[in-house]
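Under the heading NAD(+) binding site, Swiss-Prot lists Gly12, Ala13, Ala14, Gly15, Gln16, Ile17, Ala18, Asn106, Gln113, Val130, Gly131, Asn132, citing sequence analysis as support. The feature substrate binding site is assigned by Swiss-Prot to Arg93, Arg99, Asn132, Arg163. Under the heading active site, proton acceptor, Swiss-Prot lists His188, citing sequence analysis as support.
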Amino acid sequence: MSKPARRVAVTGAAGQIAYSLLFRIARGDLLGDDQPVILQLLELPHALDALRGVVMELEDCAFPLLQSVEISDDPRVAFRDADYAMLVGSRPRGKGMERRDLLAANAAIFRSQGEALNEVANRQVKVLVVGNPANTNAWVARHYAPDLPADAITAMIRLDHNRAVSKLAARCGVTVDAVSRMAVWGNHSPTMFPDYRHALIDQQPAPMRVGDERWYLDTFIPEVARRGTAIIEARGASSAASAANAAIDQMRDWIRGSGGRWVSMSIVSGGEYGIPRGLMFGMPTICSEGRYRVVPDLEIDALARARIDASVAELVDEMQAVRAILAL
């Protein structure tokens, strides 16, 4: 007997990230090759015709697991009974656009979506915010979804995690599966901290394997942190396929478990590592049985403390700005 279908809501569904995301969900990359899915897609009214074209393509793929596709411009329709929600749509970040400009443009969007999730989604829904500024957008959505579990809403920092793993593997001449225990802390912004001090490469400590502290400080950290900007400058648009892949990775591990591996997620802080409670902050986690837990008892040296504190300060500033915008 086949399993009951799971409902997956995706916002910004006619956009570039979603175009790389939806077909993988329908194929089973998110929930597994034996789990039927219903896609519930949200778009702005002016983009519904384009979304209908995407739906035609989904239909033409004849995915065995895709039970049906529903589209709407109303979040209360798109989120109804959703088991999982991937909030991809946001005001896009263009070349040279400041993050502060994004705050005002996105606060109302994620207020509305948080309220809708609170009202109509499955009570055990898992929500991943992809649209930037992801951490603060997730904070807004969570604020307006008080009836959902405290850990129901997360933000994506897996793209930064994947970038860090890839760069470290390339430096050491190994494949990415040789790298483990990578940690990315903080905001999805240039202040985030890709931390390889606890990482292993073929079970050897990464700092010893790399053997070059200056490369870590002067190349690895800034290039991982600014990779998104480099992509915008190169292609004239933000990351799409790699962002979709990271969204699948983060949500899949949260749902199905990370197999003991460390995976970076932006989650609501419970005060771990001196990070203020309630802040949406990237941390190393391990996922199992549909839950995540923060990797405990890591040494935080002076460098890590300074980097983490810088990202905390940025997120607190964003949160305070959004509070003023929304009169909270």
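Cβ atoms here come from the backbone N, Cα and C positions, even for glycine.
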Argmin Cα dist to Arg163 (substrate binding site) over the binding-site residues Ala14, Gln113, Gly131 returns Gly131
Cα distance, the residue listed as 'active site, proton acceptor' to Ala18 (NAD(+) binding site), nearest Å? 19
To see if you understand the setup: which same-chain residues, six or more apart in sequence, place their Cβ under 8 Å from that of His188 (active site, proton acceptor)? Asn132, Pro133, Ala134, Asn135, Ala155, Met156, Ile157, Leu159, Asp160, Ser266, Gly282
If you measure every Cα to Cα distance among Gly12, Ala13, Ala14, Gly15, Gln16, Ile17, Ala18, Asn106, Gln113, Val130, Gly131, Asn132, the residues said to bind NAD(+), what is the biggest one in Å? 20
If you draw a 10 Å sphere around the Cβ of Asn132 (substrate binding site), how many other Cβ atoms fall inside it, taking every protein chain shown into account? 23
For Ala14 (NAD(+) binding site), which residues of its chain lie six or more apart in sequence with Cβ-Cβ distance below 8 Å? Glu43, Ala47, Leu48, Ala50, Leu51, Gly53, Val54
Test of understanding: give the count of other CB atoms lying within 10 angstroms of the CB of Gln16 (NAD(+) binding site). 17
Under 8 Å Cβ to Cβ from Gln113 (NAD(+) binding site), same chain, six or more residues apart: give me those in sequence order, or none if nothing qualifies. Thr11, Pro75, Phe79, Leu87, Ala141
When a 10 Å sphere is centred on the Cβ of Ala18 (NAD(+) binding site), how many other Cβ atoms does it contain? 26
Once near-sequence residues are set aside, which residues in the chain of Gly12 (NAD(+) binding site), 6 or more away, have Cβ atoms under 8 Å from its Cβ? Ala18, Leu42, Glu43, Leu87, Val88, Gly89, Ser90, Gly131
